[in-house]
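Features as listed in TrEMBL:
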type: BINDING; residues: A:11-18, A:36-40, A:58-61, A:122-125; note: GTP binding site
type: BINDING; residues: A:Asn22; note: Mg(2+) 1 binding site
type: BINDING; residues: A:Thr25, A:Gly26; note: Mg(2+) 2 binding site
type: DOMAIN; residues: A:4-171; note: domain 'FeoB-type G'
type: TRANSMEM; residues: A:279-299; note: transmembrane segment
type: TRANSMEM; residues: A:335-359; note: transmembrane segment
type: TRANSMEM; residues: A:413-439; note: transmembrane segment
type: TRANSMEM; residues: A:451-472; note: transmembrane segment
type: TRANSMEM; residues: A:510-528; note: transmembrane segment
type: TRANSMEM; residues: A:669-694; note: transmembrane segment
type: TRANSMEM; residues: A:706-727; note: transmembrane segment
Amino acid sequence: MSKQINVALIGNPNTGKTSVFNQLTGLNQKVGNYPGITVEKKEGICKLPRGVKAHILDLPGTYSLNTTSLDESVAVELLLNKNDKDHPDVAIVVSDVENLKRNLLLFTQIKDLKIPTILVINMADRMSRKGITIDIELLEKKLNSKIALVSTRKETGIEKLRELIADYKSLPKTQNVNISVIAPDYFEKLSTTFPKEDVYKLWLVITQDVNFMPLEKTLFKDATSFATKSKSELKRLQQKETILRYQFINGILKETYKVDVNAAKGFRATLDKVLTHKVFGYLIFFLILLTIFQAIYGWSEYPMDLIDGFFASATEWVKNTLPPGVFTNLIAEGILSGIGGIVIFIPQIAFLFLFIALLEETGYMSRVVFLMDRIMRPFGLSGKSVVPLISGTACAIPAVMATRTIENWKERLITILVTPFTTCSARLPVYLIIIALVIPEGSFLGLSYKALTLMSLYLMGFGAAILSAVILNKILKIKSKSFFVVEMPNYKLPLLKNVGYTVLEKTKSFVFGAGKIILAISIILWFLGSNGSSDEFKNAETIVTNRVEQEGFSTSSEIYFDTHQDGLDINNPNASDQQKELEERALAQEIAGYKLEHSYMGHMGKAIEPIVRPLGYDWKIGIAVITSFAAREVFVGTLATIYSVGNDEEETIKNRMAAEVNPRTQKPLFNLASGVSLLLFYAFAMQCMSTLAVVKRETNSWKWPAGQLVFMSLFAYIVALIAYQLLK
Amino acid sequence: METTVAHLKRGQRGIIKEFTENLLPIKLLELGCLPGNIVELVQVAPLNDPIYINVNGSHIAIRREMALHIALDIIEDNVVI
């Protein structure tokens, strides 16, 4: 097999680079991370004419080779390092037709590295509407390169591009601009000191803001020590370089590129006026948020129910089909429920990224950043933190993933760290049941106490997020330049194909990235809950059966019967059958509860009782706190198992919880004090392993999720403690 | 005080003279914000910051603090360029 051609795709943001990538590779693409850093690595395979294949690497979007972020330095690194296995045989610079001038800046820089370079002018379908004409032949001659005029929307020009890639050996490697003229003496000295290296390459290494990786550093160790000029002098030279390049570009475009200024220009201006208006701008943004919220919260309920139902019946099927034993239990309750716990998030993630992709494709996202930046700034955040923070109210997992649009690492990290404070939908089941139990009836200004409590919980979530952002902003000593230059791209109709790819890719990266960790923890939790070493655990069936025969059913089962009495019709001939079935179920539930109490998990619950007692909880709630580390909503299910009532029977669980008595005080266990303490604990504690897994994935280190876990849990504990001690 | 991009009114244009601060992000220059180019103030965000400019065909949003470092000569309305 012949060697694949290595192709690097590079270009400004918003040029449709990703569309070109999608067109070239189709579904033959994979997304990963560069080793050791969180920059996304997208690569794919493209079939070329005559049976040749090309390996296409989609480099992070950049305006030039003067790097200011880690993302951009990845691109420069690859272009400079000839030993990298992905070092391109040919580079493709993607430009959009309207901003050709500024895209050519990057083009000339890559040309000057003596890498064969093809220019793609994308969005060719807009030319006539924008009144643009380009003399391609002359432009090719002036730039000493080949050009493909492409429209990814109309799917034209891609064939020509494939031909050009296959034929890359015929591309000239000449430089476009001789940068020595900006400081002749300096560059003269450089080239005599390093006769083997190209001066432009040396210049790039010297001026980088971001440090290179080890290999490049040693290669150019002497060169960096050559940076005798002061930082501001270098900066001035970089300015000169940019001006020089623009002179070259302007000269060329004058002859080859014509715009009829009378062509339609008003659409953008009108839309901008409305979308960034001080009233309508926020109103429209608010309405869009409502829609997104409704989608993540409401619409995804249907697929989530289906998934839930599917995994429930799959578990049932495995239990009934495979021979009973540890292995079957592992599959049914450990692995299947673990996978179910991952898959259940897919609808929410897919919906959020569907909207984010739409907003980004249309160009609206930049307007949101523009609208919100000033408001977020005092908190160490920027306009780009808004969407992640707000989508955190649905689910923190896609929200953390959505922070990728924030270039500034410090702002992004703060956003990732504070997002889990916002009230996600998984907290709702816990909130609802406890509010129903402990918050008294009554109303204030026409609003019921219960509704007010729920609202304060949401507000507290936001408050905690903002407050910790302020603190983090003060204490995090991360050197990352905070500058705010946001391009406001032209409005476009979204390309559905691109939106689809984004949704697919984000979902995949969640399932395979964070999913592994979630599955592992689920299996551990299952093991702890379904295994025990004590005799009570091993003989649970006989002990409970004997007890029921001698003393009758427990209070839990009595409540269970009461709640289900309505369904019983004495005159129904099947009534006794129904009664029997209820009793069988109650017995099974009591056994399950007894087993959980004496499992390792039960021991852990009892072990942490001294810790949670000051918060007003007993060991049973302790167990629920531990298991709900998997996901908050597990809290209700665990209590159901411990109290030996069937799962998913909200009324029964509620009645049973209301009947629970604290053995030390002889008062109801769930009272206002312990209830509020629980609400606050769940409002602030990092009770979600999936979020931790995603944070680990996004920050590439266990340091941040660990810190998050400790800080949030500690904070939650202290707040819950104070609340309980004050109210009790 | 010198006139800068931050002093432009909506719809007003000016020609960039110089940068009064050396450490302006190079990204700004690459987007075409260079001495000699025409800059137009397109929009101002509701809280008066950031601002949205069109320079050399690039539409970009920058914060006021940065705009204060870009000195310019305002083009009077009656002058046609």
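Backbone N, Cα and C atoms are what each Cβ position is placed from, and that goes for glycine too.
Automated prediction, rather than curation, is the source of TrEMBL annotations.
Annotated features, which come from TrEMBL, shown on the structure.
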| residue | record | DSSP class |
| --- | --- | --- |
| A:Gly11 | GTP binding site | strand |
| A:Lys17 | GTP binding site | helix |
| A:Asn22 | Mg(2+) 1 binding site | helix |
| A:Glu40 | GTP binding site | strand |
| A:Pro60 | GTP binding site | coil |
| A:Met123 | GTP binding site | coil |
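Same-chain residues lying 6+ beyond the ends of the transmembrane segment (A:413-439) with a Cβ under 8 Å from its Cβ atoms: 296-297, 348, 380-381, 384-385, 388-390, 392-396, 399-400, 403, 406, 449-450, 453-454, 457-458, 461-462, 464-466, 468-469, 472-473, 476, 478, 628, 631-633, 635-636, 650, 653-654, 657-658, 670-672, 674-676, 678-679, 682-684, 686, 688, 691, 695, 698-699, 704, 707-708, 712. Only residues 6 or more beyond the boundaries of the transmembrane segment (A:706-727), in the same chain, are considered here, and those with a CB under 8 A from a CB of the stretch are 417, 420-421, 464, 468, 614-616, 672-674, 676-678, 680-686, 692, 695. Rounded to a whole number, the distance between the Cα atoms of A:Lys17 (GTP binding site) and A:Gly26 (Mg(2+) 2 binding site) is 14 Å.
Simply put, out of A:451-472, A:510-528, A:669-694, A:510-528 has the most Cβ pairs sitting under 8 Å from the transmembrane segment (A:335-359). The number of other CB atoms found within 10 A of the CB of A:Gly11 (GTP binding site), across every protein chain shown, is 29. A Cα-Cα distance of 14 Å separates A:Asn14 (GTP binding site) from A:Asn22 (Mg(2+) 1 binding site). Sequence-distant neighbours of the transmembrane segment (A:669-694) (same chain, 6+ residues past either end, Cβ-Cβ under 8 Å): 341-342, 345, 396-397, 400-401, 420-421, 423-424, 426-427, 430-431, 434-435, 437-440, 453, 457, 460-461, 464, 510, 513-518, 521, 615-618, 621, 625, 628-632, 635, 657-658, 660-662, 705, 708-709, 712-713, 715-717, 719-721, 723-724, 726-728. Cα-Cα distance from A:Glu40 (GTP binding site) to A:Asn22 (Mg(2+) 1 binding site): 16 Å (rounded to the nearest whole number). Note: A:Met123 (GTP binding site) has non-local neighbours A:Thr15, A:Gly16, A:Asp96, A:Val97, A:Glu98, A:Ser151, A:Thr152, A:Arg153, i.e. same-chain residues 6+ apart with C-beta under 8 A of its own C-beta. Least crowded of the binding-site residues (A:Gly26, A:Pro60), judged by neighbouring Cβ atoms within 10 Å of its own Cβ: A:Gly26. The distance from the Cα of A:Gly11 (GTP binding site) to the Cα of A:Asn22 (Mg(2+) 1 binding site) comes to 15 Å.
Averaged across the domain 'FeoB-type G' (A:4-171), pLDDT in this predicted model comes to 86.
For A:Asn14 (GTP binding site), the number of other Cβ atoms no farther than 10 Å from its own Cβ, over all displayed protein chains, is 19.
Cα-Cα distance from A:Asn22 (Mg(2+) 1 binding site) to A:Pro60 (GTP binding site): 15 Å (rounded to the nearest whole number).
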